[in-house]
Each structure stands twice: as structure tokens, then as C-alpha cells.
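Record features, source TrEMBL:
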type   : residues : note
DOMAIN : 261-399  : domain 'PROP1-like PPR'
REPEAT : 174-208  : repeat 'PPR'
REPEAT : 209-243  : repeat 'PPR'
REPEAT : 244-278  : repeat 'PPR'
REPEAT : 279-313  : repeat 'PPR'
REPEAT : 314-348  : repeat 'PPR'
REPEAT : 349-383  : repeat 'PPR'
REPEAT : 384-418  : repeat 'PPR'
REPEAT : 454-488  : repeat 'PPR'
REPEAT : 523-557  : repeat 'PPR'
Amino acid sequence: MLTFLLPPFCRLRIEALLYYPVTRPRWKINASQDATQETGLIDAEINSYAYSERKNRKYNGAYIDKDGVSRTFDRKKISRKRGGAMRGRGWKYGSGFVDGVFPVLSPMAQDILEFVQKGTDVAKIWESLDNIPSTHNLFDDLVNVAVQFRMNKKWDLIIPVCEWILYRSSFRPDIICYNLLIESYGKKRQLNKAESIYMALLEAQCVPTEDTYALLLRAYCNAGSLHRAEGVISEMREHGIPPNATVYNAYLDGLLKARCTEKAVEVYQRMKRERCRANTETFTLMINVYGKAKQPMSSMKVFNEMKSIGCKPNICTYTALVNAFAREGLCEKAEEVFEEMQQAGHEPDVYAYNALMEAYSRAGLPQGASEIFSLMQHMGCEPDRASYNILVDAYGRAGLHEDAEAVFEELKQRGMSPTMKSHMLLLAAHARSGNAARCEEVMAQLHKSGLTPDTFALNAMLNAYARAGRLDDMERLLAAMERRGDADVGTYNVAVNAYGRAGYVGRMEAAFAAVAARGLAADVVTWTARMGAYARRKEYGRCVGMVEEMVDAGCYPDAGTARVLLAACSDERQVEQVTAIVRSMHKKPKTLFTI
């Protein structure tokens, strides 16, 4: 998991009172024309006694450590250390916060933060900032405010603050301002603006860091512009900066989030060819890449490779590997990794417990998921909303919709607001039992909560109508989803399966054709559902021909496809042919990636 580290100057100078001693006037921010008002009557600049007192007094810095205990440090000693200057330093990309130290805003910074948060337009924000005396402390305050917004993922609020520094202030912008702006525009998928900030950085003769390139890579990957991401790597080489693990990790993380799995593997192979030393984060990312591609054994190979070169796995690595096995319902393997994690001295957190619960849920063992849930509570690890969602899903998959309902109610009793996913999982639980009436009630609750149903929730409702035999209602909902552009391949999978089960082959073929007509790619579920309609009619030849069509389309059969083929057989000869086909599928499985 990629996180960020606060810049050293934010960690080392976090005390509030050091910025604005009591004897100094405090400036207030407001939206009026006179945006600066002195709250103190004593002019600190001409009060020689107060000035000398401030100069000679030894102030200590303060911070809160990871245990919540207040600590202090000698600000003067730290500021004399090499690299301890306030300006010109960015955060260390991808390393997270150190010892739980977070910036404490000064009174002025707090005023600026509250003013910007009010949603005042950019012109008024800039006008107010123009009226504040330009001091070194003001620069520090603005950077701390921007970092505070970044911690809360308020990208829209970072932009006016940092752009004021760039375009309106007398300060010389440094790399932290440019990096914050590139990241903010990247998160908003405004690639042209992110690029313009990068060009402004070069024109200002500010040297880009590896973090700058890492942020550009993530921005391009998030927007799906892989060719432009490759351009960043070329740009680095042109500037004589060989990509290191930090840059490659940012690239891999962006590709993982964009679900560009094949490209991620290509980049990983290139990284090894260039002898770029992979670190724990690199291996963790690749375990996630293979896990999401449903190749848990490839994830295991990466894990073993990691240990063979002496790279120590952390709790995120173990959790990623548990998740890889969990996605395939391999609960025994997931449990083995979980135990190995504990033997390595890592105490499981809520994410590790959730991953193990997911393994039992996917395996169709709700009682196992429930036991892990209870164990988590017994060990003093508080379940989060995801824990309850996994348990709802576990009971729903097993057809125990009443237990799923009970867990959903417990979630609300614990003071947690059900999310869209919570409602969707409850909908799916009742849909499996064909209880369309209860699904409609859950959908009404979802609207009452102020949530707008997403495609997953609508697909669950569609499935409920299909299982209840209410095809007219299903068709009305399908038509509405098509008009709004909410239909995805899962939507048509429900329709193809419903029509096939009902014997409406013509409607089924029309629904299958609609997949390609809407620019979607039929997956293994779509093909298997279509094949199932003919298997019920024992049209064996049609089913076998469909397997060839499926492979030609780049979609490969799975175990469900094999079961449908066997169901189409009407004599021993056909069973033998299907067995040969299934064996050939296992001899030459589609291996998506190589290690």
C-alpha cells in the first residue's frame, strides 16, 4: 500500500506557539475587504523587550507520538542539522507517517484553514492572503494547511492555497508546492493542468525529484493514459535520473488501481532486467497484482522470491497474500499464511482478519467467517464496517438471508452507517432466495438514506426479479439502466441467464448480442450462461461449437463451463469427448502472466 511521508520541515516545526508568540500580533482572516485585523495592541516589531525575550527564550517543539503521548524536542538543535531547513524539501513518497507524528497547526494556520474550508471563491481567498504580511512563518503555515488538506484528501482546497504561493505571493515556490499541485490535479484527473504545473516547475528552474515523477505516473495511470506514463519514464532518463524502486512502485500502484494487470507485470519484468532493487512494497504490490488476476499461486511464487533474496515481508505483504488465496476461496492456504504471519511476529490487524473472513466467505463457509469475526473481537481488534459487510456476504452466499439481515442490523446498532456496498450485499442475499419484495424494501431504505443505487445494487435487484420469475419487472429495470448508461456486462449476464433458464432462447440471444452492441466484452459467465440455455435442450453440438467461439473471442472456459458441457451430454460418447476437452483445458491453461 502506497502512503506518503510528511516533509521533514512539517515534522520538525509543528509547534503552534513557536510560530506566533504571545507578544506578537495575530492576524485574522476574513472575507471582507480589509482582510487583516490585529488582535493584539502591542506592536511586537518595535517592542525591544519582547523581541529580546523571544530571541533568548528556548522554546521546545511538541508532537504526539504513536502512543498518544505528548513529546518535546529542542527546535534549535534540529534546525541546525543538515537538511533541517523548512523550505525546498518534499515528503518522502510512499513511506507513510513516522512514529505517528502529525503537524500541529499554528493559530494563524488554523485561521487560514477554517477560512479556506468555508468554500469562499478563489478570488476572495487570494485577496485575503494578499493582505497578510509575507514572513517565513506564513510560508510554513500555508504548507502545513495544504498538507492538512492532503491528509483529508481535500484536493480542491489544496489548489487555491498552493497556486497563491506560485502566482501571487513574493515567495519563491519550491518543490513541495509543485508536488502538491501535481498530485491534486492528478487525483482530479485533470492531466493537462498537472502537466502545466510540471512545465512551470521546469521553467522556474526548480529541479524535479523522484517524487515528482512518481506523482505524474500515478496521475496518468489513474486516468488510463498508459502511453503518457511511459513518457514519464523516458523523461526521467533524458534528465539523467534512472527510475528507482520509488518510481516503479508508484507506477505499479497506479497500474494496479487502474486494473492494468498485464502492463503491471511487464513493468515488473523490466524493473528486474534493469537490476533495479525491489523492496518490500514492490513485492507486496506484485502479490496484489497476481491476486486480483486470480492467480494465487503466482502470488505465492513472488512471496517466496521475496524471502529468497532476504527481503523481509511486513504485515501488508502477508495480508495481500491472504487476500490472494481468499479471492479463490482457498481458506486452508489463507489460514496457513495467516499463521505464518503470526509466527513472524506480526499481530494481525483488522485488514488481516477481514482477509481471512473473506476466504471462508468465498469458500461458502459462513460459520468459519463468523468464528474469525468472534476471534477478532476476543483479541481486542475492533471490527470495522468492512468486517460486517464480509459477514453479510458470507451468510448471503450460503443462502442464510435471515442471518445476513441480523448482521446488517447489528452494523447499524454499532453506530456505523451502512454504505452502498452494505445495501448491495443485503440485496444480493435476498435476491439469492428470490425474495424480490424484501429487495424492494432494501432499495427503498437505500434511497431513504440519501444514497443513489450504483450498478452493483441495480444488478442485485435485477437478479432478484429474475430469480422470482418477474421477468416483466426485470425488463423494465434493464431498460431503465440502459437509458441511464448504468448497464455493464454483469447486467446482461443476469438477463442472459434468466432468459436461458426460462427457455426464451430468442430473448437470450438478443441479450447476448446487446453486450457487443454496447461496446462491452462478454466474459466467461456470459458465454457459460448462453451455453446453459442450449445444454438444457441437450443441443450438445451447439454447446461444443460455442466453446470454440468463446476461445476465439479471447475468453477461456472455467469449471462452470465444464459442468454445463457435461449437462449437455446425452450418451457416453459425448461424455468422453467432454472429458477430453476438459483435460486439454487443464493441460494448457491460460496463464495470464509469467514470473
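Even glycines carry a Cβ here, placed using N, Cα and C.
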DSSP helix, strand and coil counts for the repeat 'PPR' (384-418)?
26 helix, 0 strand, 9 coil
Residue counts in helix (H, G, I), strand (E, B) and coil for the repeat 'PPR' (279-313), per DSSP?
26 helix, 0 strand, 9 coil
Counts of helix, strand and coil residues, the repeat 'PPR' (244-278), according to DSSP:
26 helix, 0 strand, 9 coil
Residue numbers, six or more beyond the limits of the repeat 'PPR' (523-557), whose CB comes under 8 Å of its CB atoms:
489-490, 492-493, 496-497, 499-501, 503, 505, 508-509, 512, 515, 564-565, 567-570, 574, 577, 581, 585, 589-590
Going along the chain, which residues at least six beyond the ends of the repeat 'PPR' (314-348) come within the CB cut-off of under 8 Å?
1, 280, 283-284, 287-288, 290-292, 294-296, 299-300, 303, 306, 355-356, 358-360, 362-365, 368, 376, 379, 381
Do you know the mean pLDDT across the repeat 'PPR' (349-383)?
95
For the repeat 'PPR' (349-383), what does DSSP give as the number of helix, strand and coil residues?
26 helix, 0 strand, 9 coil
